[in-house]
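These notes are about the structure you will find just below.
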Amino acid sequence: MSLRPGRAHPLAASPLHTPLPARPRPQLRLSTSTSCAAMKSYRLSELSDAEVGGLKARPRIDFSSIFGTVNPIVEDVRMRGDAAVKDYTVKFDKVALDDVVVRVSDLPDVELDPAVKEAFDVAYDNIYAFHVSQKLPEKTVENMKGVRCKRITRCIGSVGLYVPGGTAVLPSTALMLAVPAQIAGCKTVVLATPPSRDGSICKEVLYCAKKAGVTHVLKAGGAQAISAMAWGTVSCPKVEKIFGPGNQYVTAAKMILQNSEAMVSIDMPAGPSEVLVIADKYANPVHVAADLLSQAEHGPDSQVVLVVAGDGVDLGAIEAEVSKQCSALPRGEFASKALGHSFTVFAKDMVEAISFSNMYAPEHLIINVKDAEQWEDLVENAGSVFLGQWTPESVGDYASGTNHVLPTYGYARMYSGVSLNSFLKYITVQSLSEEGLRSLGPHVAKMAEVEGLEAHRRAVTLRLQDIEATVTV
């Protein structure tokens, strides 16, 4: 996920977490450009360990002032419910709503252009196929005779899915979040997305929502939408877990609410979108530039990193392509600003290149080198990996089948992207026979005695006494 007009991604593990100040990057600029797409350049062999470590730091997001804005919204929605959501929708979206929530079952089928419908149908099928394959069979293990243990799977009963509006419509995010919820069997699925100026919802988002089993649509965005799903209102069901992207205010609301009395969890912390591209001399400069820009265009806070692996790479051709393509993009101004705080790294070989990538832990990792598949085993930290010259990051964003809600800000070191598991919970079950308790009980009683927990010990020994009495009789 990312703080962009689109998918959101990880940034802070708890509402109490504020990112530490970023270490300054080494001032070893090897090349500059007067183009709209200038990127700083560094050679790893010339940097100290501290300087290399500084390159992994992301631009800092200061949530202190944002919390001051979001907290009153969270509390207002808690107290006034639908009325507060309507007021904030007028204030921020300039829309006066009659109804905040609509039931998807009450909506008519959505008519789309045939080519658009086919594209989303293909995406749905691929996303469904990949996520349904993640189902695991239940297994029962008999650890010792008469002692059986297993883990059973249950869905999270109610979930909230946030699909941003902003400067771009994102029906792809509706699929990425709703399809695994559908497979998991979540009974209540609330999709929140900002309404357009006439109070309607993007028809492509509605099509995807209906196809993927969404039950309710909340016509609201921002912190007020997150708050409505977390607290519940007269018209909006309360959810148990909230997923999805958003701007800094959406992220702040998720951070605040996950440790509040609302008792709601969130998918992951979130920060700006990012990509790291590893390219060797065989990579097509046109493709490399396009991949860098596909992330940079998300917004000025996005970050792109180019890692040049080995000798023979025509960096000048890549820079020229970046400048050429950037100037032709409708969102070129966003891309240019993002490139202004992005950078290029020179690695002596692929081992050093992937080692740097593992330290950086990117949301998206593109390995555009000859025989890319052979390097997969070295990858330790990345949200999603794209191997080879024919695998642009865009396919993962839309329709290859993998999920595009991914950890950013370096959280790929310890977080995974959204998957079927994100919508499931696992419950352990144990069942002992009389023989099983006779075998295991004395050991449990002894451990309880060591820990000084007499009631624990007696829960076992009293049963063992009953067993012995039965045997004696």
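Cβ atoms are placed via backbone N, Cα and C, with glycine included.
Binding of Zn(2+) is annotated in Swiss-Prot for GLN295, HIS298, HIS456; the matching candidate from ASP267, ASP349, ASP371, ASP397 at the same site is ASP397. Shown are the binding-site residues HIS298, HIS364, HIS456; of these, the residue with the fewest other Cβ atoms within 10 Å is HIS456. Put simply, GLU363 (active site, proton acceptor) is 46 Å from HIS456 (substrate binding site) when counted between their Cα atoms. The substrate site in the record is lined by SER273, GLN295, HIS298, HIS364, ASP397, GLU451, HIS456, and its two most distant CA atoms lie 56 Å apart.
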